[in-house]
C-alpha cells in the first residue's frame, strides 16, 4: 500500500511509501513511551521537588505533554517521505480548514448515537423531577428546564477556572490526538500497513499508555486488585475509543474529527451501563486520560 502525501491529506494507494514497517512501529512505540515517560521526568530525572499542589502538578504535566507532542511532530516530519514544497505538513497531520463543519458535525452526530441511552435516561429523570414539582403544586416543566439550563451554563462557565477541566477538555485530548492519531497514523500508513490494520493497531499504544495510572490507583485505593480492575477497564475502553478515533481520522483526514469526539466523550463519560429510575450508574471518564 502506497501512501502519497498531497497538499492537505494522506491518500491511500498501493505498496509502501518509503518507510519500513519496522521503522514505523518503532517510531510509534517510541512516541507512546515518550508521551508517558516525560510526565515523570521532572521528579525522576531533573530531580525537581514534588509539586506543592494539585494545580502545580497538572501544570507541570501540561508542559511535559506539550514538549512530547512537539517532539513527536518534529520526529514524524523527519521520518515521513514528504516532498517539501509540494506538500503542506499541517495537512499530513490533519490540521486543515477545508470541510471543517463536516469534521465537527458528522463525528458529533455519530458519537451522540452511543449516548442515546444516557440522553433518554436524563430526559426521564427530568420528567420524574417535573412530576414531583407538579405534585407540589409547581409548574412541571418550566422550573425543571430552567434548573437544567442554569446548571449547564454554570458548569460550562466554571470550566475556565477549573484545572481539571483544562486537562480533560483541552490539553489531554489535543496532545493525545496529535501524538496517537496525527503522528502515528501517517507513519503506519506510510509503512505499508493497510487501513484496517492501522485502525486496530494504533489504539494498542494509546490504550497501553494509560497503564501509567496503575501505581497511582494502587497507592490511592490500597488494593492492587482494585487498581488492576480499574486500569483493565480503562485499557479495554480506550482500545475501543482509539479504534473509533482512528477511523474518524482516516475517514475524514481531519484531526478535528477525533478531537471533538474525544472532548465529547470526556465530557459525558462512559455511556450509561445500568439504569434505575431513581438514578444511574456509570463510570467517570475524568481520569481516562494519559495525563
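Numbering starts at 1 and runs along the chain as it is shown here.
Placement of Cβ uses the backbone N, Cα and C atoms for every residue, glycine included.
Look at TrEMBL and you will find 23-46, 58-80, 100-121, 195-215, 227-249, 255-274 tagged as transmembrane segment. Here TrEMBL flags 165-268 as domain 'CAAX prenyl protease 2/Lysostaphin resistance protein A-like'.
With DSSP states grouped into helix (H, G, I), strand (E, B) and coil, the domain 'CAAX prenyl protease 2/Lysostaphin resistance protein A-like' (165-268) comes out at 95 helix, 0 strand, 9 coil. Within its own chain, the transmembrane segment (58-80) is flanked in space by residues 5, 18-19, 23, 27, 30-31, 34-35, 38-39, 41-42, 51, 89, 92-93, 163-164, 166-167, 171-172, 174-175, 178-179, 182-183, 186-187, 190, 290-291, which lie at least six positions past its ends and keep a Cβ under 8 Å from the stretch. Averaged over the domain 'CAAX prenyl protease 2/Lysostaphin resistance protein A-like' (165-268), the predicted model has a pLDDT of 90.
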